[in-house]
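K.L.:
The domain 'HPr' annotation in Swiss-Prot covers 1-88. Annotation comment: Swiss-Prot describes His15 as active site, pros-phosphohistidine intermediate. Positions annotated as phosphoserine by Swiss-Prot, on the basis of a curator's inference: Ser46.
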Amino acid sequence: MEQKSYVIIDETGIHARPATMLVQTASKFDSDIQLEYNGKKVNLKSIMGVMSLGVGKDAEITIYADGSDETDAIEAITDILSKEGLTK
């Protein structure tokens, strides 16, 4: 299992557009991928799960990936978070 933590810097947090990009990216991988915020974990392949967390600015999140392509999954998600301006 791999994990990585991030701090969200976008003023609006993880809103619909970047959430969709994260879900689409996570869905490309076979690994089980979860997002944790405030002690609650959701499936990163579920848009409803991601949106239900209400992740705002300055929030600390952790992404967990477990499976055969876990390293690639974490790298791809890190790229999306950066490209979408959610993290530094």
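Our numbering is plain: 1 for the first residue shown, then up by one each step along the chain.
Each Cβ is built from the backbone N, Cα and C atoms, and glycine gets one as well.
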K.L.:
Write down the Cα-Cα distance for the residue listed as 'active site, pros-phosphohistidine intermediate' and Ser46 (phosphoserine), rounded and given in Å.
P.N.:
14
K.L.:
Could you tally the C-beta atoms, other than its own, that fall within 10 angstroms of the C-beta of the residue listed as 'phosphoserine'?
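P.N.:
There are 16 such Cβ atoms around the residue listed as 'phosphoserine'.
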K.L.:
Run through the Cβ atoms and count how many others sit within 10 Å of the one on His15 (active site, pros-phosphohistidine intermediate).
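P.N.:
16, counting other Cβ atoms within 10 Å of His15 (active site, pros-phosphohistidine intermediate).
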K.L.:
I'd like the per-state residue tally for the domain 'HPr' (1-88) from DSSP, helix first, then strand, then coil.
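P.N.:
So the counts come to 31 helix, 23 strand, 34 coil.
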